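S.K.: Heads up, here are the entries from Swiss-Prot:
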BINDING   THR29, LEU30, GLY31, PRO32, ASP86, GLY87, THR88, THR89, THR90, GLY413, ASP477, ALA478, LEU479, ASP493  ATP binding site
Amino acid sequence: MAKMLKFGEDARRSMQVGVDKLADTVKVTLGPKGRNVVLDKKFGSPLITNDGVSIAREIELEDPYENMGAQLVKEVATKTNDVAGDGTTTATLLAQAIIREGLKNVTAGANPMLIRNGIRMAVDKAVEEIKKISKPVEGKEDIARVAAISAADEEIGKLIADAMEKVGNEGVITIEESKSMGTELDVVEGMQFDRGYVSPYMSTDTEKMEAVLDNPYILITDKKIGNIQEILPILEQIVQCGKKLLIIAEDIEGEAMATLVVNKLRGTFTCVAVKAPGFGDRRKEMLQDIAILTGGTVIAEELGRDLKEVTLDMLGQAESVKVSKDNTVVVNGKGNPENIKDRISQIKAQIEETSSEFDKEKLQERLAKLAGGVAVIKVGAATETELKERKLRIEDALAATKAAVEEGIVPGGGTAYINVINAVEKLTSDVQDTELGIKIIVKSLEEPLRQIASNAGVEGSVIIEKVKNSEVGTGYDALYGKYVNMIKSGIVDPTKVTRSALQNAASVSATFLTTEAAVAEIPQKEPAMPAPGMGMDGMY
């Protein structure tokens, strides 16, 4: 297919138009007085959002060169979202500023390769300084502040802080759509997996249709149980103890299931059977997790263990087990705390090593189930449009909170970038064009605060000068239009988000400046449809 070519200044300017179109759309959402953007959807109602990466993903431009520029900046937002989960608008804005300032210098004859070296030096110094002013997150209040700033909603901040307090920093917090109007928090303590009882006759509470077992024994196996003779020896031992039993197996069928149900209905003894969670290798790992949590042993053929030889000391134990139609929750497993700790360390190591997002998510879920539990934030709203917007805000706030716990917090509202300018300005280089790269970053670091001020309807330059001349940590509260100590006022950003936004913006922008030619496909014009009846002469 034939291609179009553009060179030098012409190519860079065309791509810059695309960068500006995308960044100008995204940056209106920045700060407490930022607005929303409406995204048209092929199916369903339009999406109203202030999430930078969601907006960037929707933008495709008609002109191929402009689109190239837009796609490069889209990568900045996407990468920042992947690493930190928030800060995508800031990253896009910084990329636009670095490209704009950089192109001015390249047009004036500066060498883009040397400018790139200066940009890298300045960014490394800025990141080093950001880490110096970072403070660790201390307690529930700090977590609530980070989430509230990210979502621009104090109620959401409190909700996320409650969730993290209940399940711990390692716990899993999921976000679901609620059937009601309100947003609420639902916490499941202990190990939960999505398998319910194999027969409704096993339920102990017929009104709620769930089985609750107090201090039960737990038999864990990866085998199918069809013949009651296989588990008869262990059942006899349990009946003598007067305890209840939970069986987790690949399947329970036929005679075995019938016998268990009949004994339950007669009141001889209570036993609930559930299918093992997961599939394939993941199932083996999950069964091992349950065994370690409850202090039991997995009865597996490959380990040479037979169901007929099972003794009481091979069974797991827990304070209570609750089984519904779809879920099983094991609360306070009586496993050895040291073994549980070792298992958690092992899963953490696997998370570090894996490159698959799906595997990482599943490992994180397993980690949470061992470490504390799962919290579900159920998001409610009056309309579907509001629900989607609210859900995106909560997702961003949750990501920001996790980032804050990981690397700490810095003064928010663009203040951290202003605070590091002094140190970056002191960098020097013998090469003039490298010096220009440093100056480009110095100028670009002002941009987030300038945009926050602009979105609040005030002149950014005045605000920037005032913050520069104030002590470190003092910034501009755009919501109330006054200068405050940002951390004391609860206006904070996660260090990881602030750092990632700058690093990703500089990475793509510095490479953008080195462009000398652009190659694009010639757009194909669709041939016009022939008029009806053409070429059909003489036909009736």
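Going from the start of the chain as shown, residues are counted 1 onward.
Keep in mind that glycine also has a Cβ here, set from the backbone N, Cα and C atoms.
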S.K.: If you count the C-beta atoms lying within 10 Å of each candidate's C-beta, which of the binding-site residues ASP86, ASP477 ends up with the smallest number?
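M.R.: Minimum Cβ neighbour count within 10 Å, taken over the binding-site residues ASP86, ASP477, occurs at ASP477.
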S.K.: Which one of these binding-site residues, THR29, THR88, THR90, has the sparsest Cβ neighbourhood, judged by other Cβ atoms within 10 angstroms?
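M.R.: Taking THR29, THR88, THR90 as the binding-site residues, the minimal 10 Å Cβ count falls on THR29.
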S.K.: Where does ASP477 (ATP binding site) sit by DSSP, helix, strand or coil?
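M.R.: It is in a strand.
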S.K.: Using Cβ-Cβ distances, find the residues under 8 Å from GLY31 (ATP binding site) that belong to the same chain and are at least 6 apart in sequence, listing them in sequence order.
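M.R.: Those within reach of GLY31 (ATP binding site), by Cβ under 8 Å and sequence separation of 6 or more, are GLY413, GLN451, ILE452, ALA453, ASN455, ALA456, ALA478.
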S.K.: Which residues does LEU479 (ATP binding site) neighbour through Cβ under 8 Å, counting only same-chain ones at least six apart?
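M.R.: Residues satisfying the criterion: PRO32, LYS33, ALA456.
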S.K.: What does DSSP assign THR29 (ATP binding site), in three states?
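M.R.: DSSP assigns THR29 (ATP binding site) to helix.
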S.K.: For ATP, with binders THR29, LEU30, GLY31, PRO32, ASP86, GLY87, THR88, THR89, THR90, GLY413, ASP477, ALA478, LEU479, ASP493, what's the maximum Cα separation in whole Å?
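M.R.: Spelled out: the longest distance between any two Cα atoms in THR29, LEU30, GLY31, PRO32, ASP86, GLY87, THR88, THR89, THR90, GLY413, ASP477, ALA478, LEU479, ASP493 is 21 Å.
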